[in-house]
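**Student:** Okay, so TrEMBL annotates it like this:
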- B:56-77: transmembrane segment (TRANSMEM)
- B:98-115: transmembrane segment (TRANSMEM)
- B:121-140: transmembrane segment (TRANSMEM)
- B:152-170: transmembrane segment (TRANSMEM)
- B:182-202: transmembrane segment (TRANSMEM)
Amino acid sequence: VQQDAVKDEL
Amino acid sequence: MNVFRLAGDMTHLLSIIILLLKIRATKSCTGISLKTQELYVIVFLTRYLDLFTKYISFYNTTMKLVFLGTSISIVWYMRYHKVVKQTYNKDQDTFRHYFLAIPCFLLALLIHHEFTVIEVLWTFSIYLEAVAILPQLVLLQRSRNIDNLTGNYVFLLGAYRALYLVNWVYRYFTENHLVRWIPWLSGLVQTTLYADFFYYYIKSWKNNEKLQLPA
(Lines of atoms letter the chains of each structure in order from A and count residues from 1; the text may use other names and numbers.)
(Lines give C-alpha, C1' and ligand atoms only; values in the text may rest on other atoms or scores of the structure.)
Protein backbone atom coordinates (compact mmCIF):
# COMPACT_ATOMS: atom_id res chain seq x y z
CA VAL A 1 0.00 0.00 0.00
CA GLN A 2 2.96 2.32 0.70
CA GLN A 3 4.21 2.20 -2.89
CA ASP A 4 0.74 2.64 -4.39
CA ALA A 5 0.64 6.15 -2.98
CA VAL A 6 3.73 6.99 -5.02
CA LYS A 7 2.21 5.61 -8.18
CA ASP A 8 -0.32 8.42 -8.38
CA GLU A 9 2.54 10.71 -9.41
CA LEU A 10 3.98 11.19 -12.89
CA MET B 1 -2.72 16.39 -5.63
CA ASN B 2 -1.06 19.40 -4.00
CA VAL B 3 -0.02 22.74 -5.44
CA PHE B 4 3.69 21.82 -5.40
CA ARG B 5 3.15 18.68 -7.47
CA LEU B 6 0.82 20.49 -9.89
CA ALA B 7 3.41 23.26 -10.27
CA GLY B 8 6.04 20.57 -10.84
CA ASP B 9 4.02 18.81 -13.53
CA MET B 10 3.22 22.11 -15.26
CA THR B 11 6.89 23.13 -15.14
CA HIS B 12 7.85 19.76 -16.61
CA LEU B 13 5.21 20.10 -19.33
CA LEU B 14 6.33 23.66 -20.09
CA SER B 15 9.95 22.58 -20.47
CA ILE B 16 8.97 19.94 -23.02
CA ILE B 17 6.68 22.38 -24.88
CA ILE B 18 9.53 24.92 -25.04
CA LEU B 19 11.85 22.29 -26.50
CA LEU B 20 9.27 21.19 -29.08
CA LEU B 21 8.60 24.82 -30.02
CA LYS B 22 12.33 25.50 -30.39
CA ILE B 23 12.74 22.49 -32.69
CA ARG B 24 9.59 23.16 -34.73
CA ALA B 25 9.96 26.95 -34.94
CA THR B 26 13.69 27.10 -35.67
CA LYS B 27 13.82 23.69 -37.43
CA SER B 28 16.99 23.23 -35.38
CA CYS B 29 18.10 21.08 -32.44
CA THR B 30 21.49 22.73 -31.97
CA GLY B 31 22.70 22.39 -28.41
CA ILE B 32 20.20 19.63 -27.59
CA SER B 33 21.51 16.20 -26.57
CA LEU B 34 19.79 13.36 -28.41
CA LYS B 35 21.22 10.98 -25.79
CA THR B 36 19.32 12.77 -23.01
CA GLN B 37 16.13 12.80 -25.08
CA GLU B 38 16.43 9.06 -25.74
CA LEU B 39 16.99 8.42 -22.04
CA TYR B 40 13.80 10.36 -21.27
CA VAL B 41 11.82 8.17 -23.68
CA ILE B 42 13.15 5.11 -21.82
CA VAL B 43 12.26 6.77 -18.49
CA PHE B 44 8.66 7.38 -19.58
CA LEU B 45 8.24 3.96 -21.22
CA THR B 46 9.48 2.08 -18.15
CA ARG B 47 7.63 4.32 -15.71
CA TYR B 48 4.22 4.30 -17.40
CA LEU B 49 3.92 0.55 -18.01
CA ASP B 50 0.74 0.57 -15.90
CA LEU B 51 -0.78 3.20 -18.18
CA PHE B 52 -3.42 0.80 -19.51
CA THR B 53 -3.72 -1.47 -16.50
CA LYS B 54 -4.18 1.09 -13.71
CA TYR B 55 -6.49 4.09 -14.07
CA ILE B 56 -5.66 6.72 -11.45
CA SER B 57 -7.29 9.86 -12.87
CA PHE B 58 -8.03 11.57 -16.16
CA TYR B 59 -5.24 14.03 -15.40
CA ASN B 60 -2.75 11.23 -14.69
CA THR B 61 -3.57 9.29 -17.86
CA THR B 62 -3.61 12.41 -20.05
CA MET B 63 -0.27 13.69 -18.74
CA LYS B 64 1.36 10.28 -19.22
CA LEU B 65 0.21 10.19 -22.84
CA VAL B 66 1.40 13.77 -23.40
CA PHE B 67 4.83 13.07 -21.89
CA LEU B 68 5.21 9.86 -23.92
CA GLY B 69 4.01 11.48 -27.13
CA THR B 70 6.11 14.63 -26.88
CA SER B 71 9.32 12.87 -25.82
CA ILE B 72 9.01 10.32 -28.65
CA SER B 73 8.29 13.06 -31.20
CA ILE B 74 11.36 15.03 -30.04
CA VAL B 75 13.56 11.97 -30.64
CA TRP B 76 11.83 11.43 -34.00
CA TYR B 77 12.54 15.05 -35.06
CA MET B 78 16.20 14.82 -34.03
CA ARG B 79 16.75 11.43 -35.72
CA TYR B 80 14.62 11.47 -38.84
CA HIS B 81 13.40 14.97 -39.75
CA LYS B 82 15.37 15.87 -42.89
CA VAL B 83 16.10 19.47 -41.85
CA VAL B 84 16.36 19.13 -38.05
CA LYS B 85 18.67 16.12 -38.05
CA GLN B 86 21.28 18.13 -39.99
CA THR B 87 21.52 20.55 -37.06
CA TYR B 88 22.22 17.85 -34.44
CA ASN B 89 25.68 18.26 -32.83
CA LYS B 90 26.52 14.59 -33.42
CA ASP B 91 30.26 14.99 -32.85
CA GLN B 92 29.78 16.83 -29.54
CA ASP B 93 26.96 14.71 -28.11
CA THR B 94 29.25 11.79 -27.35
CA PHE B 95 28.24 10.85 -23.77
CA ARG B 96 27.99 7.04 -23.53
CA HIS B 97 24.45 6.97 -22.12
CA TYR B 98 24.56 3.18 -21.84
CA PHE B 99 27.10 3.73 -19.07
CA LEU B 100 24.24 5.47 -17.28
CA ALA B 101 21.40 3.10 -18.11
CA ILE B 102 23.12 -0.18 -17.25
CA PRO B 103 24.20 0.74 -13.67
CA CYS B 104 20.71 2.17 -13.07
CA PHE B 105 19.16 -1.11 -14.17
CA LEU B 106 21.54 -3.15 -12.00
CA LEU B 107 20.80 -0.88 -9.05
CA ALA B 108 17.06 -1.34 -9.64
CA LEU B 109 17.60 -5.10 -9.56
CA LEU B 110 19.32 -4.71 -6.18
CA ILE B 111 17.35 -1.92 -4.51
CA HIS B 112 13.60 -1.80 -5.10
CA HIS B 113 10.40 -1.95 -3.09
CA GLU B 114 9.20 -5.29 -4.42
CA PHE B 115 10.68 -7.70 -6.94
CA THR B 116 8.13 -7.58 -9.76
CA VAL B 117 8.71 -6.59 -13.40
CA ILE B 118 6.57 -3.45 -13.11
CA GLU B 119 8.16 -2.35 -9.83
CA VAL B 120 11.77 -3.02 -10.89
CA LEU B 121 11.26 -1.17 -14.19
CA TRP B 122 9.52 1.69 -12.35
CA THR B 123 12.49 1.87 -9.95
CA PHE B 124 14.87 1.77 -12.93
CA SER B 125 13.01 4.75 -14.43
CA ILE B 126 13.40 6.68 -11.18
CA TYR B 127 17.17 6.04 -11.05
CA LEU B 128 17.61 6.71 -14.79
CA GLU B 129 15.74 10.00 -14.68
CA ALA B 130 18.11 11.22 -11.96
CA VAL B 131 21.12 10.96 -14.30
CA ALA B 132 19.47 11.37 -17.72
CA ILE B 133 20.34 15.08 -17.87
CA LEU B 134 24.11 14.42 -17.77
CA PRO B 135 24.65 14.13 -21.56
CA GLN B 136 22.75 17.41 -21.97
CA LEU B 137 24.82 19.20 -19.31
CA VAL B 138 28.07 17.93 -20.87
CA LEU B 139 26.89 19.13 -24.29
CA LEU B 140 26.06 22.56 -22.85
CA GLN B 141 29.60 22.88 -21.50
CA ARG B 142 30.99 22.00 -24.92
CA SER B 143 28.76 24.27 -26.98
CA ARG B 144 30.11 27.79 -26.70
CA ASN B 145 26.92 29.82 -26.88
CA ILE B 146 23.71 28.46 -25.37
CA ASP B 147 20.54 29.87 -26.93
CA ASN B 148 17.87 31.18 -24.55
CA LEU B 149 15.30 28.49 -25.34
CA THR B 150 17.77 25.71 -24.56
CA GLY B 151 18.77 27.45 -21.32
CA ASN B 152 15.14 27.86 -20.30
CA TYR B 153 14.42 24.25 -21.22
CA VAL B 154 17.16 22.90 -18.93
CA PHE B 155 16.26 25.32 -16.14
CA LEU B 156 12.57 24.30 -16.12
CA LEU B 157 13.54 20.63 -16.32
CA GLY B 158 15.64 21.01 -13.18
CA ALA B 159 13.01 23.13 -11.44
CA TYR B 160 10.26 20.51 -11.91
CA ARG B 161 12.04 17.89 -9.80
CA ALA B 162 12.91 20.49 -7.18
CA LEU B 163 9.17 21.20 -6.91
CA TYR B 164 8.57 17.45 -6.59
CA LEU B 165 10.97 17.41 -3.61
CA VAL B 166 8.78 20.08 -1.96
CA ASN B 167 5.70 17.99 -2.86
CA TRP B 168 7.25 14.96 -1.11
CA VAL B 169 8.00 17.00 2.02
CA TYR B 170 4.39 18.24 1.99
CA ARG B 171 3.00 14.71 1.51
CA TYR B 172 5.26 13.35 4.26
CA PHE B 173 3.69 15.71 6.79
CA THR B 174 0.14 15.47 5.50
CA GLU B 175 -0.11 11.76 4.65
CA ASN B 176 0.79 9.96 7.92
CA HIS B 177 4.54 10.33 7.38
CA LEU B 178 4.65 8.20 4.26
CA VAL B 179 8.32 7.38 3.62
CA ARG B 180 9.53 6.84 0.01
CA TRP B 181 13.31 6.68 0.03
CA ILE B 182 13.79 5.66 -3.61
CA PRO B 183 12.13 8.63 -5.32
CA TRP B 184 13.28 10.99 -2.56
CA LEU B 185 17.00 10.19 -2.80
CA SER B 186 16.93 9.94 -6.59
CA GLY B 187 15.09 13.27 -6.79
CA LEU B 188 17.70 14.80 -4.51
CA VAL B 189 20.56 13.55 -6.71
CA GLN B 190 18.71 14.71 -9.83
CA THR B 191 18.19 18.23 -8.50
CA THR B 192 21.75 18.46 -7.16
CA LEU B 193 23.15 17.69 -10.63
CA TYR B 194 21.56 20.94 -11.79
CA ALA B 195 23.13 22.97 -8.97
CA ASP B 196 25.95 24.58 -10.97
CA PHE B 197 23.70 25.08 -14.00
CA PHE B 198 21.19 26.89 -11.77
CA TYR B 199 24.02 29.07 -10.45
CA TYR B 200 25.24 30.15 -13.91
CA TYR B 201 21.69 30.44 -15.28
CA ILE B 202 20.57 32.79 -12.47
CA LYS B 203 23.85 34.73 -12.66
CA SER B 204 23.43 35.28 -16.43
CA TRP B 205 19.81 36.26 -15.86
CA LYS B 206 20.75 38.77 -13.09
CA ASN B 207 23.64 40.33 -15.02
CA ASN B 208 21.57 40.19 -18.20
CA GLU B 209 24.39 38.47 -20.07
CA LYS B 210 24.68 35.40 -22.31
CA LEU B 211 24.51 32.07 -20.46
CA GLN B 212 27.97 30.45 -20.46
CA LEU B 213 28.98 27.30 -18.61
CA PRO B 214 32.69 27.01 -17.68
CA ALA B 215 34.35 24.26 -19.71
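For all residues, glycine too, the Cβ spot is worked out from N, Cα and C.
Explain the structural surroundings of these features, please.
**Tutor:** Through the fold, the transmembrane segment (B:56-77) approaches residues 1, 9, 12-13, 16-17, 19-20, 23-24, 29, 34, 37-38, 40-41, 44-45, 48, 84-85 of its own chain, all at least 6 residues removed from its boundaries and within a Cβ separation under 8 Å.
When Cβ-Cβ distances below 8 Å are used as the criterion, the transmembrane segment (B:121-140) is approached by residues 31-33, 35-36, 39-40, 42-44, 46-47, 49, 89, 92-93, 95, 97, 100-101, 104-105, 107-108, 111-113, 146, 150, 154, 157-158, 161, 182-183, 186-187, 189-190, 193-194, 197, 213 of the same chain, each at least six residues removed from its ends.
Same-chain neighbours of the transmembrane segment (B:152-170): 2, 4-5, 7-9, 11-12, 14-15, 18-19, 22, 32, 129, 133, 136-137, 140, 180, 183-184, 187-188, 190-191, 193-194, 197-198, 201, counting only residues six or more beyond its ends whose CB sits under 8 Å from a CB of the stretch.
Packing against the transmembrane segment (B:182-202) from elsewhere in the chain are residues 111-113, 123, 126-127, 129-131, 133-134, 137, 140, 151, 154-155, 157-158, 161-162, 164-165, 168, 211-214: each is 6 or more residues past its ends and has a CB under 8 Å from a CB in it.
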**Student:** Residues of the same chain, at least six outside the transmembrane segment (B:98-115), with any C-beta under 8 angstroms of its C-beta?
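**Tutor:** Result: 39, 42, 121, 123-124, 127-128, 131-132, 134-135, 182.
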